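S.K.: Submitted below is the structure of interest, expressed as C-alpha cells.
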Ligand SMILES: [Zn+2]
Ligand SMILES: [Zn+2]
C-alpha cells in the first residue's frame, strides 16, 4: 500500500511522508506544509479579528508551556515585534523549569523576556494561597492578570497576547453555555479592546487545536514544560475537554464549528447590550492599578500578609 500523500505537495514531492492528519479540515500534511498552513491560519486570524498590526509592540504572556512559547515563536516568524513576560510563581521545580524554557526561547529569538518573581514581589503562590479562600487557580489567574497588564503598560507595549488555544476556548464556551452564564459569554471573544488602564488583549491561537499547537512547538524544536501545574485542580475544565474531544473524534470539526459558530452567530448579539452595562472600573487606592473594589486583590493580600 502506498503511504498517503501530503494534500499540498503531492504533485511535486510524492515521496514526502505525511506527518500530520487533520480530519477536521480533511487535510494530510507533511511537516513543511503543516507549518506553513498553521502560520497562514494564525496570520489570517490576526487580521480577521484585527488583533494587531506590525506597528504594535506586543507582549506575549509566556508560561513555559507549548502554547505560549509556540505563539511567541510564531509571531516572530510572521515578522511581528514581540517580547515575552514570564511570571515566576515560585512553585517548587515547576517554575524553575518553565522559566528556563522561556529564557531559552528568548535567547533563540533575540528578544527580551521580562520576569516578575513573586517571591520578591510578595510570596510564592503556595504561601499566598494560605491567606485567601479563593481556589489556587483563581489566585494564580488574578496575580497573572494583574502583572500582565501592569508590566505591559509600564513598559510601553500596546497589546497583550496569550496562548489560549481552541480546546481552551471551546471548553470555556461549553461550560458557560451549560450554565447560561451570560456575562461570561458576552465577554468571550478572541479580542478584548483596551479599556481605560486595561490593555488590549488578544488570543491569536483561538482557532488552533491543542494537538496542532503541540505539533507546531515540537516541529520547531522548542522545549517546553510538559506536566500540568502541580497546583491545578481544573477538574471540570479537564472533564469538559475530554468530553469535547470524544465528540470531535466521532465527528471531526465539532470543536471548530462550535467555536466559530458562536463567534459568528451568538457573540454579536451578546456583545453590545452587555458591554454598556459592564462593571465600572476604579483604580486601586494603594497601587493605582484597575480594580472593581476599592483596594485591589493583590494589595488586600499584601495587607493581610503584613507586607504593606
Ligand atoms: Zn507537503
Ligand atoms: Zn492595588
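Residue 1 is the first one shown; counting continues down the chain.
Cβ coordinates are placed from backbone N, Cα and C, and glycine is handled just like the others.
Any TrEMBL annotation is an automated prediction that lacks curation.
Dumping what TrEMBL says about this protein:
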type	residues	note
BINDING	6, 9, 30, 33	Zn(2+) 1 binding site
DOMAIN	57-170	domain 'tRNA(Ile)-lysidine/2-thiocytidine synthase N-terminal'
BINDING	61, 62, 63, 67, 87, 163, 168	ATP binding site
BINDING	284, 287, 296, 299	Zn(2+) 2 binding site
S.K.: Measuring Cα to Cα, how far is residue 287 (Zn(2+) 2 binding site) from residue 6 (Zn(2+) 1 binding site) in Å?
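M.R.: That comes out at 55 Å between the alpha carbons.
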S.K.: Here are the binding-site residues: 6, 9, 62, 87, 299. Which has the lowest count of other Cβ atoms within 10 Å?
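M.R.: Output over binding-site residues 6, 9, 62, 87, 299: least Cβ neighbours within 10 Å is 9.
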S.K.: Of all the binding-site residues given, namely 6, 62, 63, 87, 168, which is spatially nearest to residue 299 (Zn(2+) 2 binding site) at the Cα level?
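M.R.: Nearest by Cα distance to residue 299 (Zn(2+) 2 binding site): 87.
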S.K.: Restricting the comparison to the binding-site residues 61, 62, 67, 168, which residue's C-alpha is spatially nearest the C-alpha of residue 33 (Zn(2+) 1 binding site)?
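M.R.: Of the binding-site residues 61, 62, 67, 168, 67 has its Cα closest to that of residue 33 (Zn(2+) 1 binding site).
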S.K.: Near ligand 2, meaning Cβ under 6 Å from any of its atoms: which of the binding-site residues 6, 9, 63, 284, 296, 299 fit that description?
M.R.: 284, 296, 299
S.K.: Enumerate in sequence order the binding-site residues 6, 9, 33, 299 whose Cβ-atom distance to ligand 1 is under 6 angstroms.
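M.R.: Among the binding-site residues listed, those whose Cβ sits under 6 Å from ligand 1 are 6, 9, 33.
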S.K.: Measuring CA to CA, name the entry from the binding-site residues 63, 67, 163 that ends up nearest residue 30 (Zn(2+) 1 binding site).
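M.R.: Sorting the binding-site residues by distance from residue 30 (Zn(2+) 1 binding site), the top entry is 67.
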S.K.: How many other Cβ atoms are found within 10 Å of the Cβ atom of residue 67 (ATP binding site), counting all protein chains shown?
M.R.: 24
S.K.: If you draw a 10 Å sphere on the Cβ of residue 284 (Zn(2+) 2 binding site), how many other Cβ atoms land inside?
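M.R.: So the Cβ neighbour count for residue 284 (Zn(2+) 2 binding site) comes to 19.
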S.K.: Using Cα coordinates, what distance in whole Å links residue 67 (ATP binding site) and residue 9 (Zn(2+) 1 binding site)?
M.R.: 27
S.K.: By CA distance, which of the binding-site residues (6, 63, 87) lies nearest to residue 296 (Zn(2+) 2 binding site)?
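M.R.: Ranked by Cα distance from residue 296 (Zn(2+) 2 binding site), first place goes to 87.
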